[in-house]
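Sharing the record's features from Swiss-Prot:
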ACT_SITE  His22  active site, proton acceptor
BINDING   Tyr17, Tyr68, Asn70, Asn116  tRNA binding site
SITE      Asn12  site 'Discriminates between blocked and unblocked aminoacyl-tRNA'
SITE      Asp95  site 'Stabilizes the basic form of H active site to accept a proton'
Amino acid sequence: MAEPLLVVGLGNPGANYARTRHNLGFVVADLLAARLGAKFKAHKRSGAEVATGRSAGRSLVLAKPRCYMNESGRQIGPLAKFYSVAPANIIVIHDDLDLEFGRIRLKIGGGEGGHNGLRSVVAALGTKDFQRVRIGIGRPPGRKDPAAFVLENFTPAERAEVPTICEQAADATELLIEQGMEPAQNRVHAW
């Protein structure tokens, strides 16, 4: 029997952050849970919200940390331990400043690219070698501070595209679960 997968959507808790660029991981996690017919519930040992289900014959644990982005690892580390999930079987879904708005890319490992949520996950897991679903939000205009940019709401034009982008990111995550990294990359990177 295949090991379970831990699929984590990164974001910040609370209504103030719900529509910000930094919360795309939460939106995609919610879509995946809805597709599985699963509901998020508090996980007492980690503090995260967790939903469970099955996809492609594998047990899935969907998670949304309920701490701020830069502390995400504090809840992901204990979840991985509780469910006995190795880093290679963890998928982290997150926004990415280094990708053009709306572009979706899959990869294993690599740097954090200034993403404090990823930095926290790497510190908690002790490795960079976990799977990632990267959702492009683009660079801030002009000299705007990237830290402020990721916490802003989308522009009206971007907001109109966000539902489609998040559905595509959920599709990409499902392909990754069903087919593995290389076949999923070949398909997703052609979109």
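From the backbone N, Cα and C atoms, a Cβ is placed for every residue, glycine too.
Owing to the predicted nature of the structure, the values given are computational and were not obtained by experimental measurement.
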I need the CA-to-CA distance for Asn70 (tRNA binding site) versus Asn12 (site 'Discriminates between blocked and unblocked aminoacyl-tRNA'), whole Å please.
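Asn70 (tRNA binding site) to Asn12 (site 'Discriminates between blocked and unblocked aminoacyl-tRNA'), Cα-Cα distance: 9 Å.
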Largest pairwise Cα distance, Å, within the listed tRNA binders Tyr17, Tyr68, Asn70, Asn116?
16
For Asn116 (tRNA binding site), what is the secondary structure state per DSSP, taken as helix, strand or coil?
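Its secondary structure by DSSP: helix.
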Have a look around Asn70 (tRNA binding site) and count the other CB atoms within 10 A of its CB, chains all included.
14
Anything within 10 Å of Asp95 (site 'Stabilizes the basic form of H active site to accept a proton')? Look among the recorded positions Asn12, Tyr17, His22, Tyr68, Asn116, comparing CA atoms, and list what you find.
His22
How big is the Cα-to-Cα gap, in Å, between the residue listed as 'active site, proton acceptor' and Asn12 (site 'Discriminates between blocked and unblocked aminoacyl-tRNA')?
7
Does DSSP give Asp95 (site 'Stabilizes the basic form of H active site to accept a proton') helix, strand or coil?
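Its secondary structure by DSSP: strand.
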Where does Asn70 (tRNA binding site) sit in the DSSP three-state scheme?
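Note: Asn70 (tRNA binding site) is helical by DSSP.
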What is the number of other Cβ atoms found within 10 Å of the Cβ of His22 (active site, proton acceptor)?
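Neighbour count, Cβ to Cβ under the 10 Å cut-off: 23.
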To test your reading of the tRNA site: which residues beyond Tyr17, Tyr68, Asn70, Asn116, same chain only, put their Cβ within 8 Å of the Cβ centroid of those residues?
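The answer, listed by sequence position, is Asn12, His22, Cys67, Met69, Glu71, Ser72, Gly117.
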Within a 10 Å radius of its Cβ, which of these recorded positions (Asn12, Asn116) has the fewest neighbouring Cβ atoms?
Asn116
